[in-house]
Amino acid sequence: GQGSLAYPGLRTQGNLETLSGPNDATRGLTSLADTFEHVIEELLDEQQVIQPSKENKDADLYSTRVMLSSQVPLEPPLLFLLEEYKNYLDAANMSMRVRRHSDPARRGELSVCDSTSEWVTAAEKKTAVDMSGATVTVLEKVPVPKGQLKQYFYETKCSSKGYAKEGCRGIDKRYWNSQCRTTQSFVRALTMDNKKRVG
């Protein structure tokens, strides 16, 4: 059927209620898979529209890796997953039709360096350096009208197993030295400076 507006800027292309037979069901599931991919691509296109310009550097600080919650989040952040998917598509640089059949797991692809990701709190790292170079205290708990929420960070770091000590995959060790290292990045988070200002 004709698409309907589910969210601003997102169009659905089919539903299971319009199906009548077993062959239609198979086509419907394929249609739903296509719709899901289409929705993800539209979300990513929307994100590109609001990409920061040189005049709006504050938008660079938007983070997909920080969450306020009363308990440890069970899943990676949705925007982080969308970002990973977008990076994969950009790197592959393929047409839509080829993308559907290009899951890296199917082709046996491996990352250059093994990594692990998990949610952590400020209990593990109480201080940080802000973009102006000042040391700030990272708030572990944030007061809200009905109690407190913890500030969680989705941290990705090199795996202690695997190739971290032996070098990176795909590098010819006869001619090149390589090393997998965890790097630091800026994220938008709630902190307190030495004058007790929270921001």
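Quick reminder: no glycine exception, Cβ is built from N, Cα and C everywhere.
The annotation region 'Disordered' is assigned in Swiss-Prot to 1-23.
Positions annotated as compositional bias 'Polar residues' by Swiss-Prot: 12-23.
The N-linked glycosylation site feature in Swiss-Prot is assigned to ASN93.
Residues or ranges marked as disulfide bond by Swiss-Prot: CYS113-CYS180.
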Protein Cβ atoms within 10 Å of CYS113 (disulfide bond), excluding its own: 18
DSSP three-state assignment (helix, strand or coil) for CYS113 (disulfide bond): coil
